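Colleague: Here it is, the structure, as structure tokens.
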Amino acid sequence: MTLNRDMVSPQEDRGEKAVEFSLRPARLADYVGQPQVQEQMEVFIPAARARHEALDHVLIFGPPGLGKTTLSHIIANELEVNLRQTSGPVLERPGDLAALLTNLEPRDVLFIDEIHRLSPVVEEVLYPAMEDRQIDIMIGEGPAARSIKLDLVPFTLVGATTRAGLLTSPLRDRFGIVQRLEFYAVDHLVLIVERTARILGMAMEKEGALEIARRSRGTPRIANRLLRRVRDYAEIKGDGQVTRQVAQKALDLLDVDSHGFDTMDRKLLLAMLEKFDGGPVGVDSLAAAIGEERGTIEDVIEPFLLQQGFVMRTPRGRMATRHAYLHFGLKPAVKMVPQEVSDLFPNE
């Protein structure tokens, strides 16, 4: 990946984990954005706590960087219980999951990131654990092997995924609470940027926070990452204060434009417009054209372009919309303006 793709990638960098942890809100009262999720959890969590019960199992899904891990920490904090954290790829054998489950305290939260990547044999162990609070484990080998049931304490499983469609129906149906995280509105990102600036002890003008928020692709993780790079620029090239002008210059230096697009976003859009005449084009063809992996396009680049209306999915493949043409100052091709898109621009 290029430097600026790293800057606007919603994927978490290993070096960011400690910084991100210090910036995460610990309580629902400090949680910004996702109003529907917040409103629901403000009912479910106190209800479970008042009854001294484990919260129902929670599935959180949405694009990377929107706060799935943060929300899991908040759930544990609000329930005043321990959080045990792991990920789907780490749980290679049923015994790995059994070890975690049998060491939980009553009402603890077990957080499994990338839960769609659980192996089928591990997932089979999870079903009775979620539903009946029991697991079956094998003791011994060969003819002497036998299965025994272990009772588990009440617990809450919080599963997070960017690919909810890859979850099996039996697993998905066992979650009593399902929360979808959406891209953040600019005004919510401004609040997040201002909060982070206060924690980092930065001097920032409102317009500076707005400029960073506008270019953050609706993603808090990207907003915080860009803020730290703007701080570097302000301290070296300015007086340390983040103004709108300072933010603009810093983000232009990082090649992040006013829409939050970086080189790879523009490369993908231009490939659709110039090499494939606006589409429709398959993802594999796009991946080959821009030298990127299919998974990166589907999970990292494409979601924001779809949400912003620059790309649309059709049964025949991806198509560029009129927004994409206008962004590059090109005249939309007639065949590239389907009726449902054309109706949005009656005066053009």
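Using the three backbone atoms N, Cα and C, a Cβ is placed for every residue, glycine included.
Checked Swiss-Prot, it gives:
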- 1-184: region 'Large ATPase domain (RuvB-L)' (REGION)
- Leu23, Arg24, Gly65, Lys68, Thr69, Thr70, Arg174, Tyr184, Arg221: ATP binding site (BINDING)
- Thr69: Mg(2+) binding site (BINDING)
- 185-255: region 'Small ATPAse domain (RuvB-S)' (REGION)
- 258-348: region 'Head domain (RuvB-H)' (REGION)
- Arg294, Arg313, Arg318: DNA binding site (BINDING)
Colleague: Which residues in the same chain, at least 6 apart in sequence, have a Cβ under 8 Å from the Cβ of Leu23 (ATP binding site)?
Modeller: Thr196, Ile199, Asn224
Colleague: Taking Arg174, Arg221, Arg294 as the binding-site residues to compare, which has the smallest set of other Cβ atoms within 10 Å?
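Modeller: Sparsest of the binding-site residues Arg174, Arg221, Arg294 by Cβ contacts within 10 Å: Arg294.
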Colleague: If you count Cβ atoms within 10 Å of the Cβ of Arg318 (DNA binding site), leaving out that atom itself, what do you get?
Modeller: 23
Colleague: Averaging the per-residue pLDDT over the region 'Head domain (RuvB-H)' (258-348), what integer do you get?
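Modeller: Average per-residue pLDDT within the region 'Head domain (RuvB-H)' (258-348): 82.
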Colleague: Which one is closest to Thr69 (ATP binding site) in space, judged by CA to CA distance, out of the binding-site residues Arg294, Arg313, Arg318?
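Modeller: Among Arg294, Arg313, Arg318, Arg294.
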Colleague: When the region 'Head domain (RuvB-H)' (258-348) is classified with DSSP, how many of its residues are helical, how many are strand and how many are coil?
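Modeller: Its residues divide into 48 helix, 9 strand, 34 coil.
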Colleague: Looking only at Gly65, Thr69, Arg313, the binding-site residues on record, which one has the least crowded Cβ, with the fewest other Cβ atoms within 10 Å?
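Modeller: Lowest Cβ count within 10 Å among the binding-site residues (Gly65, Thr69, Arg313) is Arg313.
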